[in-house]
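Engineer: According to Swiss-Prot, the feature substrate binding site maps to D12, K34, 61-70, T120, R181, Q190, 210-211, an assignment based on sequence analysis. The annotation active site, proton donor is assigned in Swiss-Prot to K63.
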Amino acid sequence: MTISSPVIVALDYPDAAQALAMAQQLDPAKVRVKVGKEIFTRSGPAVVDSLHKLGFEVFLDLKFHDIPNTVAGAVAAAADMGVWMVNVHASGGQRMMEGAANAIANHAQRPHLIAVTVLTSMDDSDLQQVGVVDVPKVQVQRLAELAKASGMDGVVCSAQEAGLLKQACGAAFELVTPGIRPQGTAAGDQRRVLTPVQARDAGVDYMVIGRPITQSETPTDVVDTILRSLA
């Protein structure tokens, strides 16, 4: 099943039981779900399989970053798992990204292959500490253009950079954005945040939303409110 919703719910739980309990409260016709490092390390591919059985398309958010052969193998394994989207770190370089793209080029269920540019938790001072002298938007554009040249379908970026990246990389280049918070919710540990409407208007294709949905007493109502605001 392929859905048109831009909302991806981050199932950032320590174990599969909690993630699946939340997933059972959501509608796979309205949202996709994201599986990250902690739950995947604890539960492995079984959690992805369980989410598939519930009808969800899954974004496997493991941000692979290693030598080209290792990343290519990992991305191929993710494709074999049937995930809808998988990501790698753009800072791994062109050969690493090209290897990942080539590894799934002919896969029958090729997932969307996305590169991570600058983590949305990082600001100017964080970049300077790791030797990047440019401000985030400059580094993001540099890595996004490299990702496109390397065969990526799009990038993970902040919504603030979306307009710049659509102009630089084209309308078809997919932008996946965490740090999206519905109006009136806390920013949490994401430093560069926008509301869903602001993100949509900026050019974001897919919005990763976690705690505003998963920590709500009525997660389906929050999803419906977000989708209505985007209609």
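Yeah, the Cβs are placed from backbone N, Cα and C, and that goes for glycine too.
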Engineer: Looking only at Cβ atoms, how many others are within 10 Å of the one on P68 (substrate binding site)?
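Structural biologist: If we count other Cβ atoms within 10 Å of P68 (substrate binding site), we arrive at 18.
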Engineer: Within its own chain, what residues at least 6 apart in sequence put their Cβ under 8 Å from the Cβ of G210 (substrate binding site), listed in sequence order?
Structural biologist: V9, A10, L11, D12, P178
Engineer: What number of additional C-beta atoms lies within 10 angstroms of the C-beta atom of T120 (substrate binding site)?
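Structural biologist: Step by step: centre on the Cβ of T120 (substrate binding site), count other Cβ atoms within 10 Å, giving 25.
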